[in-house]
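Asker: As listed in Swiss-Prot for this protein:
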REGION    1-20  region 'Disordered'
BINDING   Asp19  Mg(2+) binding site
BINDING   Glu45  K(+) binding site
BINDING   Glu58, Gln102, Asp244, Lys275  L-methionine binding site
REGION    102-112  region 'Flexible loop'
Amino acid sequence: MPRSDYLFTSESVSEGHPDKVSDRISDTVVDAYLSAMPEARLGVETLTTTNRVVIAGEVRGPDSVTFKDLEELTREAVRDIGYEQSGFHWKNNDVAIHLHAQSADIAQGVDAAGNKDEGAGDQGIMFGYAADETPALMPAPIFYAHKILKDLADARKAKQGDAAKLGPDAKSQVTVRYANGRPVEVTQIVLSTQHLDESLDSADVRAIVEPYILKALPQGWVNEGTVWHVNPTGKFVIGGPDGDAGLTGRKIIVDTYGGAAPHGGGAFSGKDPTKVDRSAAYAARYLAKNVVAAGLARRATIQLSYAIGVAKPLSIYVDLHGTGTVDEAKLETVLMDALDLSPRGIRTALQLNKPIYARTSAYGHFGREPDADGGFSWEKTDLADKLKSAF
């Protein structure tokens, strides 16, 4: 029987965290190619370190996207994040690009030909999850860990008062107490943020960030018993890739459910939507969210599996964690009928062949508001009525 009274913790990192800088650049490259050719194929990895950005990977796309274009887009991305420090500056960084053609062996397994449908870009397992703990149907700890950092970043960029003294690199961690299976309060808050003014100490930084944190969290969740840890090392001036090297794809739990659900292991950023690591994880979230939105369960975990070159998923698994009102085995069949889970079917249904990925690279791929141009389409609940009517 699942526990109903417990503590659960999730962390988030800001767009200025070195790994997130790398994710942003990789997805900026993806967007550049998809803008020029919606069927472009990419697998792009980025290394960021002191005064240097290295982009490497495989591409099948138009020659109209030049390395000079990508260098300019990289500098724009770093500038938007906010890095203008001596060890990592958008204008002065060395940008090295090492992209080459996609392997023909991989392409032949993925490409549609004759009567063969487009196959998955790789084997793997992907998970989707939803819970009725927040308006976005996300687990509360990761949802609010993201919100804290996003609100602080928005204030920093808008130069709102003393928030302008903060730097781009930051991390948050939120511990939530559950009673009777529902989130009721925050017991621990951890916030480490870079600050540009070297004279600031932990108390000064807390005075800056506390109002934003309190506003981000539900009223009453923070009380006299909540323990705060703000810049516990005391000083955080050197941040971002100048402090630690960053790599694409190293924050996969931050990107998803904060540890509240299983993870198949595949990262998202730098991959075009033929890569099921990305597109099938989005589809699994879409299905799980619509199951919960339809009132069929309070919590839902969905697993999908694929083989390279094979169009249809090898399996689907549903776990409603004892909160469901319907039979899980029947729901598996209903979900397979409700959405074409082939790579092409997912891309078509969710309109994934668009330049919509740079915006996903920080503050979570899930629990976001769908955009008018198709971004975060997997967060829509337009399948809920169809699922409800199947029972």
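Glycine residues also receive a Cβ, built from the backbone N, Cα and C atoms like all the rest.
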Asker: Using Cβ atoms and a strict cutoff of less than 8 Å, what residues sit near the region 'Disordered' (1-20) while being 6 or more residues removed from its termini?
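Answerer: Contacts of the region 'Disordered' (1-20) (Cβ under 8 Å, skipping residues fewer than 6 from its ends): 48-49, 81-83, 139, 141-142, 145-146, 148-149, 152-153, 167-181, 187-188, 190, 193-194, 239-241, 243-251, 253-254, 257-260, 321-322, 361-364.
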Asker: Which one of the binding-site residues (Asp19, Glu45, Glu58, Asp244) has its C-beta surrounded by the most other C-beta atoms within 10 angstroms?
Answerer: Asp19
Asker: Roughly how many angstrom lie between the C-alpha atoms of Asp244 (L-methionine binding site) and the residue listed as 'Mg(2+) binding site'?
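Answerer: On Cα coordinates alone, these residues lie 9 Å apart.
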Asker: So what pLDDT does the region 'Flexible loop' (102-112) average out to?
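Answerer: Mean per-residue confidence for the region 'Flexible loop' (102-112): 65 out of 100.
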Asker: With an 8 Å cut-off on Cβ-Cβ distance and a minimum sequence separation of at least 6, pull the same-chain contacts of Lys275 (L-methionine binding site), or say none.
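Answerer: The list for Lys275 (L-methionine binding site) reads Gly43, Gly121, Asp122, Gly266, given in order along the sequence.
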Asker: Write down the Cα-Cα distance for the residue listed as 'K(+) binding site' and Gln102 (L-methionine binding site), rounded and given in Å.
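Answerer: The separation of the Cα atoms works out to 14 Å.
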Asker: Round to the nearest Å and give the CA-to-CA distance linking Glu58 (L-methionine binding site) with Asp19 (Mg(2+) binding site).
Answerer: 20
Asker: Inside 10 Å of the Cβ of Gln102 (L-methionine binding site), count up the other Cβ atoms and send me the figure.
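Answerer: Gln102 (L-methionine binding site) is surrounded by 20 other Cβ atoms within 10 Å.
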Asker: With DSSP helix as H/G/I and strand as E/B, how many residues of the region 'Disordered' (1-20) fall in helix, strand and coil?
Answerer: 3 helix, 8 strand, 9 coil
Asker: How big is the gap, in Å, between the Cα of the residue listed as 'K(+) binding site' and that of Asp19 (Mg(2+) binding site), rounded to a whole number?
Answerer: 11
